[in-house]
């Protein structure tokens, strides 16, 4: 039987921080037909609130060292301010959005990242995504909107990377859906030369990835993102793209497509 | 046909601010069998965050004048920090909690409170509660946890009184459920004498309410709470109680029961 199509889109970075860009993306996203899920980050807003509250922000390799105070800030920003603004805006565009953390309906269980060299604090690595309840929401015409917060089912919330959540949700949903995973950001895709916004690498497979990594063409932040892409492909996600927000309304714009 | 029982409990005030009291209540609440919904406030936390951020808090008759900055604070505190802590804690006790604002799944539509003498800013009065999606959640074993945030379906979030939300949800659910509404706070019930914590008025009907109001026995904050109770009774909610948090595990404790 042919599986139903499902779009899993992740937005982050500058799109969320720019009210106009966000609104424009959400309007385009609301027009996409069929089942869809949105995942968002919001690190810059969290850092801004931390600064306002005089709480120190410490990042290692693009990951936030999450103290108890930082966790509160992350939860307030991601699950509160940003998630609910996105939900209300999607409702305006007649998308029946439902804002979620991984704790809600116990959808995403995580465990504290184990300490090797660095203690990231309340950072959680995804253990399990429950696709059943998400599927039930989709069946009711709901558009789930996940922020980057998970829990351990024992009362502890965690800060979890939004790219990873997107990859894990896309993977978990692939059993019953034909899933396209779309990482959407301010650039056009993965760039050959970070100085040249048009130098999009249009296709990356595992060999090319290995080569780009060896040649140090792709930088720190892009490495885990690409790893999330390949993880999803290995777990039966049909298509993975890294693209500009415009890609959601115009699939012909130049972008990066991943394959194994 | 006999309707299924549904408990709608509202917690606020000192219970939310006291980690131990909250945890104890949530454990008791998780043990209540059958369909249930939790509604929470969190005004003191919002005021605390406002102070930390240097944002002015202005209250009139116990209602927050909600500027744009205050609204962000309310959304961060209620929908973010408090709602997700409650959800994670209920998950710990094996209650399948799902945190919600009125914007999520478009469950509670509101409109900006009209300006008569005072402009309350982004304060919304409830226009409509959709019981269908709540009923569907309950059917899936989900425990909806609402915070005091609504929206106008046009992209605007609102700060809305949690007591009112509880009354409106209880009323909307009464078509299909036998609903008990339980306003839970730090006192034992409505007091004859605010100085005497044991002077609980055990039964208040509309006549008694009118008399208590005329005699000025009940004070400012209690008036709208009682109005919400009678609104719910008039809209077919079966039982309404104002009681201490302990009432959830011991229905024999002294408390106030309302009737028409």
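Along the chain as shown, residues are numbered 1 onward.
Including glycine, each Cβ sits where the backbone N, Cα and C put it.
Just so it is clear, the model here is predicted, and its values are computed rather than measured.
Summarising the annotation, TrEMBL assigns domain 'Aspartate/glutamate/uridylate kinase' to B:5-244. The site 'Transition state stabilizer' annotation in TrEMBL covers B:10, B:225. According to TrEMBL, the feature substrate binding site maps to B:42, B:43, B:64, B:159.
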Proximal but sequence-remote residues of the same chain as residue B:225 (site 'Transition state stabilizer') (Cβ under 8 Å, at least 6 apart): B:163, B:183, B:242
Any further residue of that chain within 8 Å (Cβ to the Cβ centroid of B:42, B:43, B:64, B:159) of the recorded substrate site: B:41, B:46, B:47, B:66, B:74, B:77, B:78, B:148, B:162
Residue with minimal Cβ packing [other Cβ atoms within 10 Å] among the recorded positions B:10, B:64: B:64
Pairwise CA distance, residue B:64 (substrate binding site) versus residue B:10 (site 'Transition state stabilizer'), rounded so that it is a whole Å: 19
Secondary structure of residue B:159 (substrate binding site) (DSSP, helix/strand/coil): strand
Candidate binding-site residues B:42, B:43, B:159, pick with smallest Cα gap to residue B:10 (site 'Transition state stabilizer'): B:42
Protein Cβ atoms within 10 Å of residue B:159 (substrate binding site), excluding its own: 27
Taking residues B:42, B:43, B:64, B:159, which bind substrate in the record, the widest Cα spacing (Å, whole number): 12
Predicted model, mean pLDDT over the domain 'Aspartate/glutamate/uridylate kinase' (B:5-244): 95
Helix, strand or coil at residue B:42 (substrate binding site) [DSSP, three-state]: coil
Packing count at residue B:42 (substrate binding site) (other Cβ atoms within 10 Å of its Cβ): 25
